[in-house]
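Before any comments, here is the structure.
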Amino acid sequence: MLMFISQVCNIVMLLVKCTFPCPRNVLLMTLNGSQFYTYSICNVEEREQDNWLRTTFIQRHPLASRVFVELKFIVRDCNSFDGASLICKETFNLYTSESDADVGTTFRKSQFKKVATIAPDEITGKNEMHINTETRVVDGLSRKGFYLAFQDIGACIALLSVRVFYKTCPGTVQNLATFPETVAGAENQPLTEVSGVCVDNAASEELPRIYCTEEGKWAVQVGQCQCKPGYEEVKDTCQECRPGSFKAEASSDACEPCPANTDTLEHGAVLCACKDGFFRAPTDPSTGPCSGPPSAPRDLSAVPQPSVGRLILSWTPPEDTGGRNDITYSVECQRCDGVVCHPCGERVRYEPASMKLTEARVSVSELEAHLNYTFIVEAHSGVSQLAGEAQRPPSRSNVTIFLHYTGEHPPQITTMRLVGRTSTSLALSWDVSPRPRPQLNIRYKLTYHKKVSIFCFSHQECPEIKLFVLCIILVLCQYGCFYLFIPFFFVFRKRNSHTRQGPEDTYFSTPEQLKPLKTYVDPHTYEDPNVAVLKFATEIHPSHITKQKVIGAGEFGEVYRGILKAPGRKEVAVAIKTLKPGYTEKQRQDFLSEASIMGQFSHQNIIRLEGVVTKFKHAMIVTEYMENGALDRYLRDHDGEISSFQLVGMLRGIAAGMKYLSDMSYVHRDLAARNILVNNNMECKVSDFGLSRVLEDDPEGTYTTSGGKIPIRWTAPEAIAYRKFTSASDVWSFGIVMWEVMAFGERPYWDMSNHEVMKAINEAFRLPAPMDCPSAVYQLMLQCWLQDRAKRPRFGDIVSLLDKLLRSPESLKTIADFDPRVSIRLPSTSGSDGSPFRSVSEWLESIKMSQYSENFTCAGIVTMEQVLQMKTEDIKNIGVRLPGHLKRIAYSILGLKDQTSTLSVFAV
Ligand code: AMP
C-alpha cells in the first residue's frame, strides 16, 4: 500500500534561485484533462548553470524512515537545438535535506545531500514530447521532516510532478490473528516482524507473528491462533458451535455433531452430555459416544454332566449390547427351597471363573445332588455400574435345575449361623448338604458343652461371641434351613482386638441391611488362623508362580511383580507379597491374615486375591497386579494431566469398593490414597487389609493417648479420641482421599504437625478446596468431615452422588473458591528454614516443579528478582505448558509477592 506524504504537482514550489525571470518558469499546464503546474528551465547555452528548485517542508510519518520519490519530467534533446550547444546537459540532480522544523525560505546548498542523478529514458525532440517517470528511494530518514531539491546544471527540463510516498502492509486478519497496519521497511530492515492478537474466542500457544516486507506485503506467519473449545472458524471469526454439535479442544477443526446417544441444547458446547439412560464409563473418552447397559443374556441353558460331576451353563450374548464391546458376564448360584433362595456358598467351583467372563459359557462343579439350583447370569459392561438399578434394562437371565440325589448317604450339615437372640433364647440356622428328600424324616441333634468359664451376660462385656452349645435337643424337620430356640446359658470367649465393627455400631447395620451370609468374618474368630486362610483363600503351588521384579516393600517382605500360571488357566500378571525369612509364627499368621480378609471380598474395586502359598516354607500372598501402583504416587506423577471428570470417576470406584466393604460390616481404618492401587484402565481398588497394618505397617501411624497407632491426618476425630472406628470414620477418611485425589497427591494439611492438625480439626477448621476442584466435589468432602458422624453421608449416598456428577459433566464446571495462598500452602517469602530462597532451583524444588529448572535457566531467569517480574504469559513462553503446573508456578509467584500467606484461615 502506498501512503502519500506529498503530491508536489499541485502545490506551489519555492524557487530558491534562478538565473532567469522566475515567473516564466512556472506554467499552468493541462495534461490528460488535469491542470497542474510545471517547473521548467532551459539555459542550454549558458555555462556553469546551478539552478535549484526546492519543495516546501515535507512532514515525515514517524515510522517511515524510507520514502519513495516519483518524478515525472521532460528533457529536451540537446541535438534539437540548432547549432547544438556543447555545454547543453540532459540530466538533473535530486537532493534531500532533513530537518526537525520548517525553515521557511532559508536555503543553504551545503545542507543538501545528493540522492541521485536523474536521466530521462526518452528525450523530447523538436516534434514529439516524451514524459519520463523515475522513482528514487530516500533512505535512513530520522528527523521530523525533510526537503527535496532539484539541481539543474544546464539542461532543458520541465518537472511535471513529484509524488512522495512510503509503503505499508495494510491491517489484516490472517489465520484468526489480527495484525495492525505496519510501515514497510522501517529502520532499514528488509522484513519487519509484527505481533498480532488472536481474534475473539481464539487462542494460540505462541504469540502470533508475521513479517511485513519492504514492498508492503505480508509474509510468513508464525504462531497459529485456533478457535477455543466450543467455537469454530467462520470467515476469520470464531463462532459458537450450534446446539447438537461440540468442540472439545482448541483446534482448527469444525464443530462436530454430538456422537451417538449424546446431545446438547447449548450454543458453544465443549462436550455433549449423555442422553437419559446412556453413560460414559470412566475410561471412555469424554468426546466419544455414550452407551447403555446391556440387555439380558439370551437362551440360558444348564446341561448337567453327571459323569464328570459338573454342569455346563451356556447362553447367547444379549440382543442389545448398549453399543459397547466390553461385555462380560457374572454367574450367581442360588439354592432354592420353594420361594426361599440362598447363595450357594464358596464351595461351588466355576471354570474359568464366576465373574468377568468373556465367553458365553461356564462350567460349574462341586454341586450337591437333590437340590434345586437357580443360576443367574448377568451381562455387564463398562457402564453397568453407572446406570442406576431403576434405569437399567433387565440384564439378568436365570435358569433353575434340579439335581438328582443318587446316593443313600445321610445329609451333612455344612455351616451354622447365629441369626437372632433375645435375653432368653438364641436362634440358629444351618445349611444341609445334600438337601434331604422331602419324604425323608430327618432328625438333627444339637449338643453343647462348656468351653471356658468366663461368664458374661451383656454384649458390652462380650463384644464378640463364640457360641458353644449347652444342651441337647432333638428336632424333627424337613427342610434344609432351620431355626431353633434354646434357653440361655452361654459361654462367651472374650476377644480383645481387631473388631471391625462393634455390635453397638448400628451406623450401617440396619436390620434390612444385615445379610448374614455376606458379613465379613474376622479371621481371629478362628481358633486356628491357618484354617481361616484355607477357608477363604485358594492354595497355590509355588511352581505356578514366577517372580519377575521387586515393585515395593511391604511390612513383612518384598512385593514382586510376577506371573501366575495355574493349570488349565491363562497366565495372569500378579503381585506377590512375600514373608521375609526369620519370621515368627505370630508374624506368619499376621501376614496371612491379609489373605483371609481379602479372600472374603469379591468386588471390582477391591483388590482381588488370587491365592496363597502356605504349605511351603516361603509363604506368599498373590493378588491381581495393578500396573499403575499406589494412587498417591500415580497422582503426583501425573499432576495436572488428569481431567476432573476422570478424577471423579476414580473416586467413584473407591467409593463403590468402600460401600461394598461397609455393606459387609468391614471397617477399613486406614483408607488413604497410598492404600489404593490403580490399574492400566485407571480403575482404583482398595487394598491393604492386614490385621496389624494400622499398628505396624503404615508409616503414617502415630501413637495416640487413646492407645494404638493412628494415621492422624486421615482419621476421624472420634476414632483418634476414643478409637471409635466405624464405617462413618471410614467416610471421613474417604473425604481426605477425595482431597488427595483432587489435589493430585498433595499431602493433607501439608507440613502441619499431627498436633496442629488435631487442634485445627477440633476448632472446626477443615482443608480448603484444592485448585480447580469442582464445587460439588468439595461440598461432598465437607460433608464427610462433619463432626457428628451420624450426619456424614453413607458410602451408598456417596456412590449415588458421584454417579450423578459423572452423568452430567456440566455439574463439574462450577469450581470451588480457591485461595492460592491458603490452598496450595506455597511458601511465601522463605524456604522451610525461614530464610529467603537462595536460588530459582531451590524455590522450584519447594513447589515441586524442579523439572522446569532448565527452562528457567535457558530463558535467562536466574534470580528470584527476575522470577518476581514474571507474568503468566512469560511462564508459558519458557515452556510450562500444563495448565496445572502453570497455575502452581503463577500462584507461587503471587504468594512470594504477598508475604501474608498463612494457613490459619480455612475455617468452614
Ligand atoms: P503393601 O504392603 O500392600 O503396602 O505394598 C507395598 C507396595 O507394593 C505398594 O505401595 C505398591 O507400590 C506395591 N503393590 C502392592 N500390591 C500391589 C499390586 N497388587 N499391584 C501393584 N503393586 C502393588
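Note: Cβ is positioned from N, Cα and C throughout, glycine not excepted.
According to TrEMBL, Ile551, Gly552, Ala553, Gly554, Glu555, Phe556, Gly557, Glu558, Val559 bind ATP; the candidate from Lys535, Lys577, Lys586, Lys615 that the record adds to this site is Lys577. Among Cys156, Cys169, Cys198, Cys212, the cysteine that TrEMBL records as disulfide-bonded to Cys42 is Cys156. The ATP site is defined by Ile551, Gly552, Ala553, Gly554, Glu555, Phe556, Gly557, Glu558, Val559, Lys577, and by the 8 Å test on Cβ atoms against their centroid, the other residues of the chain that qualify are Thr578. Each residue in the domain 'SAM' (835-899) gets a DSSP state, and the totals come to 42 helix, 1 strand, 22 coil. Residues Ile551, Gly552, Ala553, Gly554, Glu555, Phe556, Gly557, Glu558, Val559, Lys577 are recorded as binding ATP; their most distant pair of Cα atoms lies 14 Å apart.
The local packing around Asp670 (active site, proton acceptor), expressed as other Cβ atoms within 10 Å of its Cβ over all shown chains, amounts to 23. Neighbour counts of Cβ atoms within 10 Å were compared across the recorded positions Cys88, Ala553, Val559; the minimum falls on Ala553. Screening the recorded positions Cys42, Cys88, Cys156, Ile551, Val559, Asp670 for a C-beta under 6 A from any atom of ligand 1 leaves Ile551, Val559. In three-state terms derived from DSSP, Cys88 (disulfide bond) belongs to neither a helical nor a strand segment and is classed as coil. Distance noted between the C-alpha atoms of Ala553 (ATP binding site) and Asp670 (active site, proton acceptor) is 18 Å.
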